[in-house]
Structure formats: C-alpha cells, structure tokens
Amino acid sequence: MISVALIILFLAKVISGKSDDFISVNPETNMLIDGYGRERFFHGTNVVVKHFPFHPETTGFNKDTFSEDDMKILQKFGLNSIRLGMMLPGYVPKREEYNETYIKVIQSIVTTAAKYGIYTLLDMHQDVFSPKFCVEGMPDWIVNTQGAKDFPMPLHKPFNLDPKTGYPYPEDCAKFSWADYYFTEAAGQAFQNLYDNVDGLRDEWAQFWKKTADVFKEEPSVIGYELINEPFCGNVFKHPTLLIPGVADYLNLQPTYDALQKAIRQVDEEHNIFFEGVTWDFFEVGFTEVPGGKQYQNRSVLSYHYYEPPDFSKKLNFEARLLDLKRLKCGGFLTEMFTVGTDFNSMFEMFDLCDKFKQSWHGWMYKSYGCIEQNLGCLNMSSPGKESIQIANTSRTYPQAVAGRTQSYAFDIKTKVFTLVYETVGSCKSGRTIVYFNKNLHYPNGYRYEINPNFKVTPSENEYFLYLDEVNKVPNTVVTFKLFPLSFTDSEDIHPVTVMGDKHLSENHNENEKKKK
C-alpha cells in the first residue's frame, strides 16, 4: 500500500510544477518532456564568460554577476533556462590538471538557479578555437596547428606575438572581424587535429565531458550537455569539400560526437546531449543519426542558432530544422539568437516563429561579461536599479509545461492576447498545465481568461503562473485557453465575476477592484 507520506510528496511536486525526473525527448513528437510526460518549453538567455576566471561573479549585482539577484530577475520575466558557459580552459587549464574550484562554482550556479525554477544547459563555448587565433574557447595545451602556415595566413602575413601571453596583439586582431579568423590555416588545422584525435586531444576533450557529467549526473535541473558551440568544419584548405553544407557534419562532427557521447554515457545515461552542426547548414544538417545512435534518440537535442547574416530566412530555417528533427527523431532547441540591440521587430518575429514551431530558445546574451567583441549585453548600468534590464523585452506569456500534446500557442505582443490549444493524453501522469504570464508588464489593469472545457484555473501565489488543472481526467480532450488584458475602461467598469457553463469558464481579475478591497 502506498504510504500517505508518499502521496503527499507526489502531490506537492505536481502542485509546484516541479519533478525530480530529468528532461528527456519524445522521439515521435520531437518535444522535450518531463518525468510526468508533460511537454516542456524553455525561454532563456546565455550566461557565458569567455575569459578568466571563465565564470560570472556569484554575489552582488553588477555587469559581471550571475547571482541570486540576477536569478530573481530572470524568474520574474519568465526566463526559466540559462545556457551556461562550461569552459574547457576554466576546468582544464593544463593538460590532465582539473580545476576543482571552477567546477564547484559552476555547480553552485546550477543548484542555486534551480531554486528559482531555472534549468541549465551546460555549453562548452568557443569562437575560432583559441586566443592564439584572436578569439577564445580552448586552453593553449589543446591547440595543435601542426601542418598549417603561421596565423593568420592566408588572411594576412603572420602576426607578431606578445611574449608575455604568446597571443597576437589586440591591435593586430582588430584588423579583421573575429569570424574571418575561422578561414586561416592555423585555426582550421587546430579543429581538424582535434577531430582526428592527433596526440590524443579528442580523448582529452572526451575526458573533460566525462568528468563534467560525473559531477552533474544526478542534477535534474540540468537540461543537458552541449558538446561544442558553433563547431568549425576543419581544414578547408586541404579538404575544401568540407565547406559544402552537411559534409563536415557527417565526416568530422558525427564521429567526434559519437566519441564524446560514449565517454559521457560511461557515467551518465540520463541527461540529454545537445549537438550542433556547422553554422552554414541553411538546409538539412549532415548527421545521419544522433550521437550514439538510435537508442539515444530520446536523450538527444539538435542545437541550432539564427543570425542574419549569415542566415537569410527565419521561416525557412525553422522548416529545415523541423525536417531534421523528424528525420533524426530527436528534440530541437534554438540556443542562440539576438535578444539585444534595437531591432525589436526582428526579435519579436523570431519569438512568434518559435511559438508557431513550438521551439524553446535562448537569447544572446544576458550580459557582456567583459567581452570586448560582444559588448552588447542586456544590462544598462548607466540607469539606476535592476529594472533597467532590457531583458524585459523577452518576457512573453507562454506555456512552461503542457499536460498533453501541444497543438498550438501564440502571444500577440501588441494586444497581449495569449492562446493555447492542446490535447490531453492518457499517458500524462499530471493534469496540470503551467502558463507563465507577466501580470505587471502585460496585464497592468488586470486580465480575464476563457477556457474550454471547464478546467480549474488558479494563479500562483507570486502571480507569475496560471495553473490549468483537469477537473475530470479524460484523454483526447482538446483544451483551448485564452488570456486577455483588461483595458483601463474595462478595469473601471467590470467587476470580478465567474461565469460557468457546461463546457466554458470565463473569469476577470481586476487590479483596481483588488486594491479597493
């Protein structure tokens, strides 16, 4: 007989929307799911520190922090996920020497973020491999350019090196855009030697991921491990066909990812592995299967990015990625797109398409964290107070957990109307759907909702969420939920009222009436 204590514990998890189970993938629907079988959606931001100490400050609040103050801001604006830089030079500054202090800081960020309902994707970030190539990513010991001309040939004659660092001088690096340095022999050869396991370098990379996974293997708030950010194709001077979309994915990345996956699975069979193709896979990616093969489809997520340029069509990009997901039978996640700057129309268009194609996303980026080339962070430190964070622009009404099969959802940034349609399924162990909404930002005069059929709708105590609970658990029921803002006129004239019919529930929540009481 099940004990009363166990029943209470289970109900507490359902009510809070939390679970001790890991996020996984339904290979047939390509959706991320939790332990209750609910489809899960994530909106978030990147937290990546590309220079020493390779992690953010964890106390206080300033341009270099990711502390509990920052986490509270993300929670308020409905950002339930971060893509956190899990940096190879931070954890393994010297070959076979692991910095345990670094991993403890990363671990503390993960566990503290979980207290605020924030999940973490651990991202081994790099851009053009190394500071030796004017950018960042890998520690010096893993940079092997054997067989290549001196950097940055053929882009330019060899740069002089700073004798203190061994790196090119910043004024020389500034002569070209950082992305141009991918097309140097030295950078391409460094990638190629890593993929080919020259001097056992790929084995060392695999060991990095094995040790990382061993630390986080029991942490359910970790969505997964992203093996490498924006991998380059390899040495295109010796193998120019690698520039053909899909070729490098199959020839270089797929066997490399299999090797990394094998190392991770020695200690962690539960977490998702996020894998990414080259950045110019405008159409189909070149992978023939997920890392590790078909048996890992339910723990594999294709990571992809969108920037214009080099990308050229938002809609075509999503359509191509959905075809990849169906073919590979894995999940998908847009792990980078611009959520900074002033082109809000383009950003809102991306958000609308993410809703349409039911894709989770991470914006680039939360703060600049001192990175000169990426000094486009969301934090405006010239304005007083934490509310100057422009990340409010990313706050949208959306479902964080859906107790069934999501058919569609959409948020209109102009009217603030939100619509969710889903079908209940018998295999779902929870009847609770969770909708995030920013009451102060989008519904300052109050809100009303309509739901069909007659489900119970309850706001959370902190009024960040609306809970949609099945009254009678009936599979294959199509549920339609709509949320509307009250206008100023409405808020003066309409009193809170609940109207119930056979299949329809409508309720107004009036801020002015609440204040009068």
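A Cβ is built for glycine as well, from the same backbone N, Cα and C atoms used for every other residue.
Note that this is a predicted model, so its numbers are computed, not measured.
Annotated active site, proton donor per Swiss-Prot: E230, in sequence order, evidence recorded as sequence analysis. Sequence annotations record features per position, and here Swiss-Prot assigns N-linked glycosylation site to N99, N298, N380, N393. Per Swiss-Prot, the feature signal peptide maps to 1-17; the stated evidence is sequence analysis.
Structure coloured by features recorded in Swiss-Prot.
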residue: N99; record: N-linked glycosylation site; contacts (Cβ under 8 Å, 6+ apart): G90, Y91, V92, P93
residue: E230; record: active site, proton donor; contacts (Cβ under 8 Å, 6+ apart): Q126, D127, E276, V278, T279, H305
residue: N298; record: N-linked glycosylation site; contacts (Cβ under 8 Å, 6+ apart): S24, V25, N26, P27
residue: N393; record: N-linked glycosylation site; contacts (Cβ under 8 Å, 6+ apart): T339, F344, M347
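Under the DSSP three-state reduction, E230 (active site, proton donor) is assigned to coil, being neither helix nor strand. N99 (N-linked glycosylation site) carries neither a helix nor a strand DSSP state and counts as coil. For the recorded site, N393 (N-linked glycosylation site), the DSSP three-state label reads helix.
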